[in-house]
Every structure is written in structure tokens, then in C-alpha cells.
Amino acid sequence: MSKDFQSFVKSTKHFEEKYIEHPKFYKGYVKGLKKSTVRIHFIANDVFAAIDLPEEHIFIEPSWKFLPLSSNYSLIAYRTSQLSSTDRLKCGFVDPNLAEEPKNQHVQTHRAKRNTIANRVCKLLLVADYKYFVEVGKKSFSETVNNMISKITEVDAIYRATDFRNGYKNIGFEIQTVVVHDEFTKNSGENHYNKDKSNWTAKELLRAFGSDKSLKHENYCAAHLFTATKFSDGIQGVAWIAKSGAVGGICAPGSGSTKYNTGWSTAIDKYGNRILTFESILVAAHELGHNFGSQHDPPSCATDKNNLFLMYTYAVSGKQSNNQKFSQCSIDHISKVLNSRGSSCLKEPSTSFCGNYKKEDGEDCDVGNVADDKCCTTNCKFKTNAVCSDRNSPCCFECTYANSSVKCLDQSNVLNCKKNSFCTGKSPECPDPKFEVDGSSCIDSGKCKKGSCQPFCESLNKNSASCLCANENSCSICCSVNNGTCEVHRENGKKLLLSDGRPCFEGICEKGICQKTKPVVNKLWDILKKLSVNDIIEFFKKNLVLMVIIFFSVIYIPITIIISCIDYKRKEDEKSHRRWKYEMPNQIFLSNSDKLTIKATRSKRRDNYMVKKDEENQKIKKEKVSKQRNKVHPSNTNYNI
């Protein structure tokens with residue numbers, strides 16, 4: 001983040017700066033694995049982690065984003081190689097030269113000197129609309145801001161890993177301002193990007209975002225809108241594309257009604273479902289790629305049809321090795337834009353920042369924007385009588401040095417070859433731990449050497465390396481010498497086994513055997529097969545109340561409803577029968593004929609039905625009929641049904 005970082009909450013009635021508890025970022029690597037990177041981001045009780053391995057990428061994020069809340073789980077982890085997508089998400093970009101703006105606007109170009117523009121940053125304005133605030137941020141200002149920061153951190157890593165030529169190396173991003181809408185914008189008198197509207201088109205939303213003068217887009221290298229709007233055509237993001245010497249993209253000129261250094265990305269697919277965080281990171285990186293000047297990759301730029309680069313026309317899922325990389329075609333386009341405006345647009349990164357939890361040059365302490373800290377002020381200076389900060393130093397207790405009995409570093413697990421560290425009572429810092437004796441045992445029969453745990457094979461000799469055996473030996477310790485065949489290592493004729501829980505080819509190790517991981521259905525079936533009658537009876541005894549509730553809800557209630565329906569139908573039938581028996585005879589007037597003819601009109605045929613009159617009933621009804629003859633004189637009356 002920028003040293004002059006600001007965050008604002010915006011609604012119809014107010015636009016005010018709001019402090020946030022800045023996220024805790026940690027960066028490291030996987031122990032024993034070269035060319036690996038680990039980035040962990042803590043937000044309150046949530047954690048997001050990205051693990052980059054030479055041939056794989058692993059992501060960890062909170063499960064509440066995709067699954068119902070449960071006490072049984074809180075995180076989901078996935079390999080990008082295992083991601084699948086049934087629908088390809090689309091991206092759109094807009095050529096500003098086709099926009100309805102004066103054509104005499106051009107970007108002033110500056111030819112950059114080589115080797116003077118490395119390590120520069122593009123300063124960003126990030127905006128979250130109300131839909132994003134609700135759907136992704138859970139109506140939490142801090143959650144929303146930190147979510148955007150986390151995504152841009154990952155985007156930054158993609159860009160910094162790319163050599164854009166002509167000295168443009170290690171180019172990244174720095175967040176300068178964040179704006180969050182905590183309600184829809186009402187009565188704006190215009191097509192505001194944050195209005196309560198569901199039928200946006202992609203370009204319409206882009207224009208609306210670039211037309212809000214209050215955001216002052218021209219003060220930033222680029223501005224990006226995070227939204228949770230659903231687009232029926234599958235569009236996942238749109239941005240203005242930069243071209244050398246023309247309007248659009250990073251650091252576009254500020255004149256005109258629409259600013260062209262903008263773009264947006266949505267966290268929702270066309271079905272209204274949340275996309276994975278990793279996918280949304282790639283979408284944001286893709287749209288910012290347009291701002292930097294990259295067009296969509298033509299087919300000729302893909303190494304093959306199954307390994308597409310970041311700037312492919314459709315949004316990539318991240319499962320392929322090139323999905324996080326720019327193609328040579330993209331680098332060519334971006335390089336031209338950077339050569340023309342990079343030296344004036346990109347800035348030197350901030351060297352320090354009060355409020356990022358990291359004590360830097362010129363600071364006594366840094367506890368973020370915590371206003372009521374006992375030891376440190378919001379200006380990163382010690383308060384009166386404080387000599388250290390509890391939040392910044394492991395050997396600080398209540399703003400003074402902790403005594404020598406306080407353990408500040410616990411190294412008690414077998415993964416480490418270092419001893420525990422204790423405070424000195426004379427400094428707020430934790431002293432470096434001492435090493436365990438070389439040759440001490442560590443994980444999986446490894447040996448300690450100068451404070452590091454060497455794998456077993458490497459500890460034998462410098463030409464030996466650990467490897468994985470297949471089939472029945474996959475849970476044994478295996479070594480290869482001089483890059484030769486991978487073989488089981490034996491001592492006194494016996495195999496050395498991997499620890500329980502270690503991964504093997506088809507599952508995990510358990511007592512020296514690779515237990516194949518079973519599908520959930522098979523696991524459930526195994527449980528059912530092991531159940532006995534006694535187990536079921538015991539379960540009923542321990543859960544009597546639960547079973548009574550289940551009986552009433554699953555059996556009794558449906559039966560009661562069925563019986564009620566049957567009773568109701570029976571009563572209705574009885575009413576109908578009584579109505580026919582006692583009411584209808586009084587409404588039908590018979591002739592002198594002994595026969596009642598009924599004409600059926602449902603078919604074209606005529607069927608005459610003879611109804612014999614009951615002698616006793618006719619005697620009773622003759623009197624009624626005779627009384628009505630003065631009023632009605634039917635002649636062989638027919639009744640149409």
C-alpha cells in the first residue's frame with residue numbers, strides 16, 4: 001500500500017475517511033523446496049493463502065464464501081490444476097479511439113531511458129460498489145477493503161514476475177485510495193455505477209464508472225471497480241485498452257466527460273454464483289492488462305490450445321501453467337505503452353508506511369490504525385514512558401522489556417533443528433535460537449545439520465537424494481544416488497517407513513501401507529457395512545429424544561396430513577351426494593312422459609338414457625308437477641350436460 005494510503009466509506013449522505021485494521025501479510029517459502037513462494041493474508045478470523053510451487057499452485061480461503069457455515073470446517077483448499085469450468089467466462093475491452101470523445105486528445109509520450117525504470121509501481125484507486133460490499137464483504141467495511149487488498153497483492157505478484165523489456169522489470173501495483181459504498185446511490189440524477197440496477201451492459205457500467213467526477217480518476221495510474229453484478233452474457237470484466245500515443249489505459253488524460261484509465265471485474269458468474277477467489281484474481285489481472293496496453297491473445301500466441309495465457313479472449317481458470325503469465329504478444333503490446341508513458345506514469349514505490357504493522361525507518365513502532373494502543377500512537381511514536389510496543393516486539397510486555405523467563409520462540413516440534421529462545425530482559429527483540437547438535441534426529445529419520453533438518457537420503461552423502469517409490473513401496477523411504485534409479489533404502493535388511501499421514505501416490509501412508517483415498521460415497525458405504533444391530537439399538541438408546549423428533553417429523557406428520565386430506569375429500573363427497581339427493585329433485589320439472597331423456601353433448605353421437613321412475617316417488621312428485629303446470633309447459637324437455 002502507498003504511504004499516503006486512504007480508505008473512504010461512501011453513501012448518499014456522507015463521504016468520510018475511515019480507518020481500518022490493516023491486514024497482516026506474511027511472505028515466505030516451502031521449506032526444502034526451491035523456487036517456491038507462500039503468501040498468507042490474515043483478515044480478522046479469516047485466512048487466505050497462495051502457495052506457488054514449481055509445477056503447481058495451491059489456494060486456501062474461507063469456506064463461508066462458498067459453503068454453509070459449519071463448525072466442522074472453516075477453510076477450503078484447492079489446486080489450480082484441479083479446477084474445472086463448464087462455461088467459459090468472457091472478457092470485454094473497449095478501444096477508446098472508438099469512444100464518443102473529441103479525437104484530438106492524445107497522451108504526451110516520453111521515451112524512457114533504459115535501466116532507470118525498474119521497480120516502479122502503478123498507483124491504484126479501488127472502488128467497491130454496494131453489491132460487492134454485501135456479497136463479498138459481508139457488509140463489513142474492513143472485510144471489503146482487505147478482500148480487495150488481498151486480490152491486488154496476488155495481481156501484483158503476477159506482474160512483478162514478468163519482464164516487460166527495455167528495463168521494465170519488477171513492475172507492480174500500489175494501492176493509494178480505496179472507496180467502499182455502504183448503500184446504493186440514490187437520486188444522483190444520472191446513470192450512476194452504484195445505483196440499484198440489474199440490467200447493466202458491460203460497456204454501460206464502464207462508462208458510468210469513468211464518468212463519476214467525485215472519484216478524480218485522473219489522479220491515479222488506474223482505477224478499478226469491484227462489483228458483484230451478474231451479466232447474462234457471461235462477461236466477467238471490461239477495461240479501456242491503452243495504445244501508444246493515444247487516449248486510454250494507464251495514466252490517460254483527465255479531460256473529457258469519461259475517464260479512460262478505468263476497468264471493472266465482477267465476482268459473480270452469469271448464473272449468480274460466486275467464482276473462486278483465484279479466478280477473480282485472474283480476471284482483475286486480465287483487465288488491468290488491458291489498461292497496460294495488452295489486447296486479447298490471438299491463437300498464434302498460445303503454446304498450444306490447452307495451455308492458454310492470461311490475456312486469452314475468455315477468462316482462464318488458472319489450472320494451466322500459462323494462465324498466470326503474459327504471452328510474448330501481450331508483452332510486445334505492453335512494452336510499447338510503457339516505453340511511451342511509463343517513465344511519467346509509473347512511480348517509485350513507497351519506502352515506508354505508518355499503519356502497516358511493520359516498524360520501518362523513522363518509526364518507533366507501528367500498530368496499524370489502532371487509536372487506543374497502550375504503547376504506540378497513530379503517528380508510529382512511543383507514548384510517554386513506553387520503551388517498546390507489545391504489538392511489534394515479542395519481548396515487550398505492557399510497554400517495557402519482558403523478563404528472561406519468557407519463552408519468545410517455541411521450537412519444540414520435530415520439524416525444527418533449533419532450540420527454544422527466551423527473552424533477555426534487556427531488549428524487546430527475541431534472540432536467535434541456538435542449533436540442536438548436528439546429527440540429532442528430525443522429521444522422517446532426517447538428521448540436523450547447522451540448524452536445518454536434512455532429509456534422510458541427503459544426510460547419507462552429498463550424492464544421495466530423496467525420491468518417491470511407486471506401488472507397494474510408496475510409503476518407504478527411497479533414495480536415488482547420482483540421479484539414478486529410485487530404490488528403497490534398507491538398514492539391516494529392513495525398510496525404513498514414512499510417518500503416518502505422509503502423502504503417497506494414491507492416498508496417505510498408514511503403518512507403511514499407502515491407503516488409497518476413497519470417494520465420499522465409498523466411505524459412507526464402509527461405515528454402513530460396519531454397523532450391526534447392536535450398534536443401531538445403542539444409537540437409539542443414546543439418542544431417544546432425537547429419534548422421537550425424527551419419527552414425528554418424518555412419519556407422524558405426513559400421515560396426519562394424508563388422513564386429513566382423505567377426511568376432507570370424504571366430507572366433500574358426502575356434501576355433493578346430499579346436494580344431489582335433496583336439492584336437485586326440487587329443481588327438475590318432469591313432463592307427463594314416463595321417461596326422462598338426457599342429451600349428452602360431449603360427443604357427436606346421441607345416446608338416449610332411459611330412466612325408470614320409481615312408482616312411489618312419482619306419486620309424491622305428481623302433485624308438485626301439477627302445481628307447476630300453470631307456469632311451465634315443457635314438451636319432452638331435453639337437458640344438455
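Every residue gets a Cβ built from N, Cα and C, even glycine.
Feature annotations, courtesy of TrEMBL:
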ACT_SITE  Glu287  active site
BINDING   His286, His290, His296  Zn(2+) binding site
COMPBIAS  607-626  compositional bias 'Basic and acidic residues'
DOMAIN    120-350  domain 'Peptidase M12B'
DOMAIN    351-438  domain 'Disintegrin'
Drop a 10 Å sphere on every Cβ of the binding-site residues His290, His296 and tell me which sphere holds the fewest other Cβ atoms. His296
Within 10 Å of the Cβ of His286 (Zn(2+) binding site), how many other Cβ atoms can you find? Include all protein chains, please. 28
Kindly report the helix/strand/coil residue split of the domain 'Disintegrin' (351-438) according to DSSP, in that order. 0 helix, 13 strand, 75 coil
If you draw a 10 Å sphere around the Cβ of the residue listed as 'active site', how many other Cβ atoms fall inside it, taking every protein chain shown into account? 29
As a test of reading the model: what is the averaged pLDDT for the domain 'Peptidase M12B' (120-350)? 87
